[in-house]
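First up is the structure itself, then whatever we jot down about it.
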Amino acid sequence: MESTLKEMRVGASVLDMDPKSTVGGGVEDVYGEDRATEDLLVTPWTISVASGYTLLRDPQHNKGLAFTEKERDAHYLRGLLPPATVSQQLQEKKLMNTIRQYQLPLQKYTAMMELEERNERLFYKLLIDNVEELLPVVYTPTVGEACQKGKVLDVLKNWPRKSVQVIVVTDGERILGLGDLGCQGMGIPVGKLALYTALGGIRPSACLPVTIDVGTNNEQLLNDEFYIGLKQLRATGQEYYELLHEFMTAVKQNYGEKVLIQFEDFANHNAFELLAKYGTTHLVFNDDIQARGSLIGTASVVLAGLLSALKLLGGNIADHTFLFLGAGEAGTGIAELIALEMSRQSKVPLEETRKMIWLMDSKGLIVSSRKDSLQHFKKPWAHEHEPVKGLLDAVQAVKPTVLIGTSGVGGTFSKEVIEAMVFYNEKPIILALSNPASHSECTAEEAYSWTKGKAIFASGSPFAPVEYEGQVFYPGQSNNTYIFPGLGLGLVMSGAIRVHDDMLLAAAEALSGQVTEEHFSKGLIYPPLSNIRKISAHIAANVATKAYELGLATRLPRPENLVKLAESCMYSPNYRNYR
Ligand code: NAI
């Protein structure tokens, strides 16, 4: 034993330690930490049952001042806390008070992240109870981690939790609207997983955020002395795909077939490729893009809004004509899910239902004469029509009943365009989905006032209610956070091994089913986000039902009441009592 260690220490023995290379240890220096401040290695000892100081430093068990008198005695906490004991509710109230006083979103974000590291349950309690307010806060990018080829499985094994159920992975190339953040894209998986927990009830310990650092092409980061990621240009091509393949293989090897992997904020080309490649071998999902056989979560949120709007209007989805401004990942993904739902409802082949949906990109209406020069994902939408350049001309040519903005360009739904929509339709459906609000194709106020209150309107970013001629209109928010947490829960609780398009349709239908008469009466086509845990449970149950129907569920036998199961599976942030 000593001889092997000696070898590792390049010939040195524990016995012939050089006193000059260390600083002297104190009498209580049991493990030699004091002496080890220079070049002697020590083992980081810990104890397995947390109590006293360790308990306060353990975010999963710490309750701060909410430890009861009995718990303080039993767990050696006396003297480590001020005497007051407070309830979780009071802690929440106090923290929310502090957070609300911060002006900058970054200050709020930092306060929340510090809380997560200090007291996990309190963090989730705040997030769940104040979901609308805190959702945008925890969703701001900041930190990172690096991976090495050939070591991915070892890296995964370093993570202390073995029963991981949901992984959100990014390579940081296309973070929100911010572009290539390299390793600093880590805030995205962390934030997304916090939502899986807060909104979908996935246990925090079952969540694993991953950033695969393959370098960055962001000059500013490469030249920043404080940048924490790999300072190299992005690995591409075979090198990139080999690393990703190693990751995908290692994940399955370490966590099994049922772990959900959500790809997040990869650049378009990689996102398509990864989803297409692993859709048939892994339980993978992407919220923002679609590839062969794998549709986007975002699309099912939009579809849910449309299904609700149709309940308001009456009629069938197949009776409608759609025009999209913007034929990128979001536009084509949403279009495809609508076409699928039309096909399913009307029993007409998909190729036919697609013809009811028109898309425009920056070069104009997508028509058959442009087919040769179109990117592959736009080709299915190239219908027979003469070329049309501008949006107003397209509205006049196609006469859509539903106008959807996925262009990322603000103000593109002009007054003339909106007026044309209301000219052709008694109640036009107008969805301005681009984020943030400044990129919204039109504002809620514009949609209601230009249509004299006739529009059924929803947007990607939130807009305040609008008063028009004495009536208050409540714009819906087509927010992708409606679907993915419930979808994730449904997949996890049924032990699903693949994501199928029909599950996204099932999720959309469940979401639309949560819109009540009361919501409709306010013009809302989405239920309030404050009910999200209940909504997620219903989505999860519908998704799980579909997983069982498709033979993709492995939790057998099928539980009787899936809504009850979903509710009972959901993580609760309430403090537990300690023995
Ligand atoms: P993308 O870059 O893949 O696609 C943008 C498309 O818009 C392209 O086809 C481009 O040619 C077209 N375009 C740009 N300017 C145009 C103009 N002036 N006229 C006509 N077409 C124009 O982007 P992606 O990922 O599809 O996202 C688009 C927008 O949708 C973003 O603002 C994003 O925030 C929003 N989005 C909203 C979601 C929601 O849940 N509300 C979900 C996903 C995306």
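Cβ atoms here come from the backbone N, Cα and C positions, even for glycine.
Look at TrEMBL and you will find Tyr139 tagged as active site, proton donor.
All protein chains shown were included, and the count of other CB atoms within 10 Å of the CB of Lys192 (active site, proton acceptor) stands at 24. Under the heading active site, proton acceptor, TrEMBL lists Lys192.
Every protein chain shown contributes to the tally, and the Cβ of Arg174 ((S)-malate binding site) ends up with 22 other Cβ atoms within 10 Å. As annotated by TrEMBL, (S)-malate binding site applies to Arg174, Asn435, Asn479.
As annotated by TrEMBL, divalent metal cation binding site applies to Glu264, Asp265, Asp288. The 10 Å shell around the Cβ of Asp288 (divalent metal cation binding site) contains 20 further Cβ atoms across the protein chains shown.
The domain 'Malic enzyme N-terminal' annotation in TrEMBL covers 116-279.
According to TrEMBL, the feature domain 'Malic enzyme NAD-binding' maps to 297-548. When averaged over the domain 'Malic enzyme NAD-binding' (297-548), pLDDT in the model lands at 94.
Residues Arg174, Asn435, Asn479 are the ones the record ties to (S)-malate, and the longest Cα gap between any two of them is 19 Å.
Secondary structure from DSSP puts Lys192 (active site, proton acceptor) in a helix. Restricting the recorded positions Lys192, Glu264, Asp265, Asp288 to those with a CA within 10 Å of the CA of Arg174 ((S)-malate binding site) leaves Glu264, Asp265, listed by sequence position.
In this structure, the CA atom of Asn435 ((S)-malate binding site) is 17 Å away from the CA atom of Glu264 (divalent metal cation binding site).
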